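Student: To start, I am sharing the structure in question, which I have written as structure tokens.
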Amino acid sequence: MSRHSQLKLAMPSVHGAPATAPGSPMNAKARSVKLGLGVNQRTGRVQWCPGLTCCKMLLLLPVVMLPLTLVLILIMRLDGMLAALQLNEQRMRDLRNSHSEVPVYMEDYEALLPEGSTYNDLINEEFILPASKRTQLQILAAERARRCQPYRYGNGESMELEERNTLMKDSRTSFLPLGIPRECLGSGIELDIKPIDEEAYQRQKKRYQDIAPYWLEKIRIRERREAERHAEEASAEISEATAALQSFWNEEGTREGIRMTQAKTMKRYMDNKVDPCVDFYKYACGNWERLHPIPKDKAGFDTFEMLRESLDLVLRNLLEKNTPVHSAAELRKSPVRNTLFKLNEQGEGEGEADQAAELTAERLRRHIVSKRQLLNRVLVRYKRYTNGTKRKRLIETPRERTKEEEAAPPVVLPKDKTKDKSDNEEQLHVPTDFLKPHQDAQLKAKNLYRSCVNSAVLAKRGLEPLHTLIRELGGWPVLESQWSESNFNWQVLAATLRRYNNDILIVQWVGADIKNSEENIVQFDQTGLGLPTREYFLQPSNAKYLQAYQRYMAEVMHKMGASKADAQRVASELVAFETQLAGITAPAEQRLNVTKLYKRMTLDQLQAVVPEIKWRAYLQSLQDREVLGTEEVVIYAVEYMSKLVTLLDETDPRTVSNYMMWRFVRHRINNVDDRFDDIKQSFYHALFGREESPQRWKVCIAQVNTNMGMAVGSMFVSRYFDNNSKRDTLRMTHDLQQAFRDILKTTDWLDDTTKQLAEEKVNAMSLKIGYPDFILNPSELNSKYAGIEIYPEKYFENTLNVLLHTAKTEQAKLHERVNKTNWQTAPAIVNAYYSRNKNQIMFPAGILQPPFYHRHFPKSLNFGGIGVVIGHELTHGFDDKGRLFDRNGNIHKWWTDSSIRGFDERARCIIAQYSNYTVEEVGIVLNGESTQGENIADNGGLRQAFHAYQRWLKEHPSEVSDEILPGLNMTGPQLFFLNFGQVWCGAMRPEAIRNKLNTAIHSPGRFRVIGTLSNSVDFAREFNCPLGSPMNPQKKCSVW
């Protein structure tokens, strides 16, 4: 049957009856047909797949297959993206390996350019870059163009067509959007860098060769400022203890708050897991190093350094604060200016007279001075005019008063009873000093600081000031091939450098004669060296330091202009020469007994002993006067002088000149810009372990405080110092003196004669606490620095002026009577001193701060802090050197032989005790011999301070309950010892420890605590330490 006949049979009848019976074979066949036309038995209609079987299958297949298909597509898509990312990462890794400094993104491209230029500037060839930089940028541009090509529609030059279409298709149809790198987003910048025409580059190179140094300098300044900013941010994050110190200077906080803060600080430093009877230093300071890691710009960090940091911040604020040109004291001089003074006192206008105003005033003053002759001529003409009869009559004849003036009450000016008529007439004229702000000592100190921190001016001036000075001194052979030895005389150069306060080859000064402390006399000694001690040159174990020193020399010379080969050759020669020089100096252990070194003679006698040196000519060049052969001098190194002239005769004059100039230039590079900082840092890292150079402002604070300490101290004392602390310290000093007298009476190894003389010496001690009074008197303070000219923009010349003034002032003391009331120590210093030839104790204002002292502290802390310091300095008058000087500061034998033997026996015990201590960090044993003076003072000071504290407790029984701190379960005596121990908390780098042990006369802080407390029966009693424990040994050493 044909298809048509089958179709016909399947059609329904006209009457709507079924064509076939339900049970017929035809019906069974129709149901079995899967895909085709058929009659739906229920409706009687012709349709595809009657019975819905096929439709169900058609619907089911897509529903099941579509999700599976989407999942497969997604997996394939992710695999493709992962492969592309891995390929991209590998390419970037390869690029970074071959160009490690090449950045990735646009802002990183611009980091390669000079400050102020952009990526477009490079494309337009407006800025010239080194070839290496241009190569890097070309590589970057090519790599970026390759990565970004898929996202740039229509461009397929750099890719295979199939690969580009595939990626572009993925980017348009993917279910997850394709991540576009941010450097490929539309930034308006053409991604393809134009090839740099080498010819154009060479043409532009000449055009911009003058601009390049400018850009490099700007980049260097920007980098330095960024480094300083980061350093300041780190410095700003000071510890709670340092913050408390700032609060102290600002007189902030209540009594209870201050005590609570101190208790919290002390608890933080302590390690309560350590038994105080085993190791009290670890018990008191166990957490110090964790809380105060050593700053990168320091070789060590201890309590003293923390206090100096706090004080430096205070001094910085004072020196950077703008000051009106005219001081308040000057403004007070006349009635008119009294008003200005009141405004000045109230602070109105403060900060408006900035540095520019000061400079303007200075220039105006100089302009007026330069026009002095013209002004005088004008004044003469004025006088002639007023002397004329008619004109004089016209000037002197008063005009008639108006009615209003007649009716007005008379004006009565305030009468100054202390002034006479002539004084009032003088007020009509501007005082001379009013036009000379440069005479103000405080302003000079501020200008010295400003000239030091002005990096822009220093960079602009470069090395020219230093080169000019070198030429004036006769030149530096390493820099001058034409240098001639015929014009060289080492004695003339040594005297000239001494005028700049530099002692090279010969040390000379004018000071009190140790055998006649009332007389100033010229004195000579052996030279110092370029490294801390002679052992650095002579001991093979110190070879690495000597190599670092030689490298330091060579790099400075090369930076100054010498060729690298010449610099290295000359540095080698100088190290060899200085090693010989070190060999002729006497070691420290041979110089302990100063009486054996002391030789007093006339210049004629000295000339006979060492005839090669023209002693009179040397001194005449320093004194600016004729010096006679009968002039008496003191010399401590006769043998050295004889060996020196022999060494110099055997040495090439060129080497001698190179060495002397090196020793001078080495210090002068500190007075130019920062170009030598990296060289110095490398050297000091090798010597002390310091990791970074200190910030420039810190260096400048130290320079100004060293060279103009009284001017800085006047600002500090006026603003911050509390005279109550001065009175408290003076009272405590008297208590400590009495404690020493009490101990002296119980000392059984001194005979009565020596005891009596020792007590007289204690009674005669001069006490200098806080500051000298003259610094608060502007005229006296100004006169001290009257001979120094300071310019706000000439740091190099300022330093030379200070050095010249210092040396001249010292030399001028010759033949003058010693003024024992004078202060030689700047007030803003964290230290204390004892002067043997003045029998004087000095406690500068800078040390009167926590943890040494606070007026709200319990007495236990003050006695354990500043009290121990007072006792320490007092005991220096009776240590191995101090005992040689009598009450007047003269050295002679005033002890009996039996008393000397008793002292020596006890001193040997101290020497042996400290010689048994080993510094574990470096494996070096302490030198008990060289540190005995300080160790004796430590032990004596602690005993006296505790004795004075116990006496105070007995005299103030009602205040015993107040001798505690909140949160610390300790008695007053225990707090005394704890504060003493924590004064010496600190840490040092290994290199710095080695240097300290080789040079210092103090024991490390750890042993100043352990050694002292293990000798104290008072400590053992207060902490209940069993006899025989490490901190309470059977054998104890004690001198005082």
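Even glycines carry a Cβ here, placed using N, Cα and C.
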Student: Just to be sure I read the record right: His872, His876 are listed as binding Zn(2+) in Swiss-Prot. Which of Glu810, Glu816, Glu934 is listed for the same site?
Tutor: Glu934
Student: Going by Swiss-Prot, which one of Cys1025, Cys1037 is joined to Cys277 by a disulfide bond?
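Tutor: Swiss-Prot says the disulfide from Cys277 goes to Cys1025.
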Student: Of 1-45, 181-225, 721-765, which span is tagged region 'Required for maintaining muscle integrity' by Swiss-Prot?
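Tutor: Based on what Swiss-Prot states, region 'Required for maintaining muscle integrity' spans 1-45.
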Student: Disulfide-wise, see what Swiss-Prot says Cys985 is paired with, picking from Cys55, Cys148, Cys285, Cys452.
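Tutor: In Swiss-Prot, Cys985 forms its recorded disulfide with Cys285.
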Student: Looking only at C-alpha atoms, tell me how far His876 (Zn(2+) binding site) is from Cys1037 (disulfide bond), rounded to the nearest Å.
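Tutor: A Cα-Cα distance of 17 Å.
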Student: Just to verify a number: CA distance, Cys285 (disulfide bond) to Cys277 (disulfide bond), in angstrom, no decimals.
Tutor: 14
Student: Whole-number Å distance between the CA of Cys277 (disulfide bond) and the CA of Glu934 (Zn(2+) binding site)?
Tutor: 24
Student: Since the record lists Cys452, Cys700, Cys909, Cys985, Cys1037 as disulfide-bonded residues, which of them has the fewest other Cβ atoms within 10 Å of its Cβ?
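Tutor: Taking Cys452, Cys700, Cys909, Cys985, Cys1037 as the disulfide-bonded residues, the minimal 10 Å Cβ count falls on Cys909.
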Student: Going by Cα-Cα distance, pick out whichever of the recorded positions Cys452, Cys700, Cys909, Glu934, Cys1025 is nearest to Glu873 (active site).
Tutor: Glu934
Student: For the recorded positions Glu873, Glu934, work out the Cβ neighbour count at 10 Å and name the residue with the minimum.
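Tutor: Least crowded of the recorded positions Glu873, Glu934, by Cβ count within 10 Å, is Glu934.
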Student: Report the mean pLDDT of the predicted model across the region 'Required for maintaining muscle integrity' (1-45), rounded to a whole number.
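Tutor: It averages 47.
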Student: Measuring Cα to Cα, tell me the gap between Cys985 (disulfide bond) and Cys700 (disulfide bond) in whole angstrom.
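Tutor: Cα to Cα, Cys985 (disulfide bond) and Cys700 (disulfide bond) are separated by 27 Å.
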Student: Counting distance between Cα atoms, which of the disulfide-bonded residues Cys452, Cys700, Cys909, Cys1025 is nearest Glu934 (Zn(2+) binding site)?
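Tutor: The answer is Cys909.
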Student: From the recorded positions Cys700, His872, Cys909, Cys1037, pick the residue whose C-alpha lies nearest to the C-alpha of Cys1025 (disulfide bond).
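Tutor: That would be Cys1037, the closest of Cys700, His872, Cys909, Cys1037 to Cys1025 (disulfide bond).
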Student: Rounded to the nearest Å, what's the C-alpha distance separating His872 (Zn(2+) binding site) and Cys1037 (disulfide bond)? Just drop the number here, would you?
Tutor: 16
